[in-house]
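A quick write-up on the structure given underneath.
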Amino acid sequence: MVFIDACFRKKTPYTPIWMMRQAGRYLPEYMEVRNKAGDFLTLCKNPKMAAEVTLQPVEILDVDAAILFSDILVIPLEMGMDLRFEKGEGPVFSKPVRTWEDLGSLYEFPEEKLTYVYETIKIVRKKLPKDKALIGFSGAPWTLATYMVEGSGSKTYAAIKKLIYTDPEFMHALMIKITEAVKAYLVKQIESGVNAVQIFDSWASALEKEKFFEFSWDYMVDIAEFLKERYPEIPVILFPKGIAGYLDDIYGKFDVFGVDWGTPIDLAKEKLGNKYVLQGNMEPTRLYSKEATKEGVEKIVEVMGAKEGHIFNLGHGMLPDLPVENAKYLVELVHDLTRR
């Protein structure tokens, strides 16, 4: 698999590409299945439908890897939290976790209830071409904790940051519980057939440097090193969004560092390119224009070179109204410009 070889800096015929949120609303085929499911969570919990939308970008765009269709919040959902998706507001938990009593009420083994995810993986792996990788994923403990404590997305993260400074013992206890759940969940994904895993820390930038390492990165690395010890052949990708100023102190045993679009790729290469394969990082809105897409690809390829050490991706997720034709063009362009 070209994607897996690239994760380990092995020789590849071209730079592989996949896109975060590549299975999504910009694809009419996705919307068809989504409408049939009725709502987002039903789609996530239906292995046949979730497998179908996981496979769509590989069939339509010819990306080098499929990423499991699911949601990061299935972990807190199966810990017993009441989750709903509000139109225009996104995910909402009706009862946030803010006290020791709340923490004690969380079910400790959510991975046992996530059988629909493992079933999806098995279906996809059977149908996916042998040369295409399947990426499993989880939210990072910090990002999951922010949703669980805030109760929804947040602009200030005031509730969780208040706990960091007023009750760090509670926060670490919550982080440990989530971390153990993520480890078990990713082990089950690997055992079900994924070829690589990515851990998404969407809200990493909410923390000042010292607290980022204490409450986010240390836990991500703990998961990565736990997995690498058991499954050295499975690449681990870490994606902390918005931490360009912290790159000097990034450490840990993992394979690929995901670069968001706000971090200059040349800076990431200078700071981390010798230690980790880099993944990223075109600004997603460039895909509204073929000219802007071409310029974005050329800039990144100029820095990273048509050689090992890079996986092409966007620096954030696909937007719902991006033209499918431009996404196809991006994949073709990356393959053509980087052919060895």
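Just so it is clear, glycine is given a Cβ too, placed from its N, Cα and C backbone atoms.
His316 is the only one of His316, His335 that Swiss-Prot places in the substrate site (with Arg21, Gln22, Ala23, Gly24, Arg25, Asp71, Tyr147, Ser202).
For the recorded site, His316 (substrate binding site), the DSSP three-state label reads coil. Counting only same-chain residues six or more apart in sequence, the Cβ atoms lying under 8 angstroms from the Cβ of Arg21 (substrate binding site) belong to Gly317, Met318. When the binding-site residues Arg25, His316 are compared by the number of other C-beta atoms lying within 10 angstroms of their own C-beta, Arg25 comes out lowest. Note: the CA-CA distance between His316 (substrate binding site) and Asp71 (site 'Transition state stabilizer') rounds to 15 Å.
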